[in-house]
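Participant: Summarising the annotation, Swiss-Prot assigns active site, proton acceptor to ASP123 and lists sequence analysis as the type of evidence. Look at Swiss-Prot and you will find LEU10, GLY11, PHE12, GLY13, ASN14, PHE15, GLY16, LEU17, ALA18, LYS33 tagged as ATP binding site. Residues or ranges marked as compositional bias 'Acidic residues' in Swiss-Prot: 320-339. Among the features that Swiss-Prot reports, domain 'Protein kinase' is placed at 4-260. Summarising the annotation, Swiss-Prot assigns region 'Disordered' to 308-339.
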Amino acid sequence: MEKYEMVKDLGFGNFGLARLMRNKQTNELVAVKFIDRGYKIDENVAREIINHRALNHPNIVRFKEVVLTPTHLGIVMEYAAGGELFERISSVGRFSEAEARYFFQQLICGVHYLHALQICHRDLKLENTLLDGSPAPRLKICDFGYSKSSVLHSNPKSTVGTPAYIAPEVFCRSEYDGKSVDVWSCGVALYVMLVGAYPFEDPKDPRNFRKTVQKIMAVNYKIPGYVHISEDCRKLLSRIFVANPLHRSTLKEIKSHAWFLKNLPRELKEPAQAIYYQRNVNLINFSPQRVEEIMKIVGEARTIPNLSRPVESLGSDKKDDDEEEYLDANDEEWYDDYA
């Protein structure tokens, strides 16, 4: 940790505090997610690190390394100076159709890359999409704590994610196709960009998860009259918001849809994207750490050392009261009626 110096706090996420730090040797800014040593270093954390390390795509935040402090495990990654896409939408209310398409195109290309590596994210949302600091912002997917690799793991069974973005089949307590669930979440993200609200939440009662689940299961959504979007866009949403995942649009179908292809930037077209799918490119190790070294550090982080003297605290792990709520396999009561 000695090679990094503190710049500022970035806030709390799923696992703990994130900080902006500077590499004292290269002057490069990085984001570091700090997680308490001990019981919090669980399967989700290990999975996030291993899945993240394997990724090399411009629409995915790049993993750099893990570091260990006396009290925390630090996950060092690329810093996205533009902040969350959610914050950008919140500041303007909603996007024009053209702007929403611009970000949706990048989101789909990033998710398509994940799926090509047999990784499903399972918690795609606008808060987990960051922007770089360029004038035409590049979208970057982050936070792989809930991700599952179909190569290393069985099909997902647990109910995880953020309620407003969850697909109907996730509530059925049986195995589901994580890739199809990601497609549904991308549709929710597109809707929020266009409308400035969640498609299946009651704006008068947004914390009523049972009502949200009812609307999700019934695919009960509408586009308000004040939102003027093209027929092609409406049709795309209707093909994504399909209760039966077998009938839902696939990423391949979305990428060939007329609305998606309109004004598609050259770097997102198939010839430019092809390089990221070449086996030798994905084997390039952008992190100086080998998997064995990473897992050794993660293993050490599961123990809390006896400290002979006080060390600097990173601050409270208490999350903000208004932070987004998450579901996991133990949050069963409110969706019992839909299993």
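Positions of Cβ are set from backbone N, Cα and C atoms, glycine also.
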Participant: Other than its own, how many Cβ atoms are within 10 Å of the Cβ belonging to PHE12 (ATP binding site)?
Facilitator: 18
Participant: Per DSSP, GLY16 (ATP binding site) is which: helix, strand or coil?
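Facilitator: It is coil.
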Participant: Please compare the recorded positions LEU10, GLY16, ASP123 by how many other CB atoms fall within 10 Å of each one's CB, and tell me which has the fewest.
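Facilitator: Taking LEU10, GLY16, ASP123 as the recorded positions, the minimal 10 Å Cβ count falls on LEU10.
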Participant: Measure from the CA atom of the residue listed as 'active site, proton acceptor' to the CA atom of LEU10 (ATP binding site) and give the result in Å, rounded to a whole number.
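Facilitator: Here the two Cα atoms are 20 Å apart.
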Participant: According to DSSP, does LEU10 (ATP binding site) fall in a helix, a strand, or coil?
Facilitator: strand
Participant: Which of the three DSSP states, helix, strand or coil, fits the residue listed as 'active site, proton acceptor'?
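Facilitator: Where the residue listed as 'active site, proton acceptor' sits, the three-state DSSP reduction gives coil.
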Participant: Enter the number of other CB atoms within 10 angstroms of the CB of ALA18 (ATP binding site).
Facilitator: 19
Participant: I need the CA-to-CA distance for the residue listed as 'active site, proton acceptor' versus PHE12 (ATP binding site), whole Å please.
Facilitator: 17
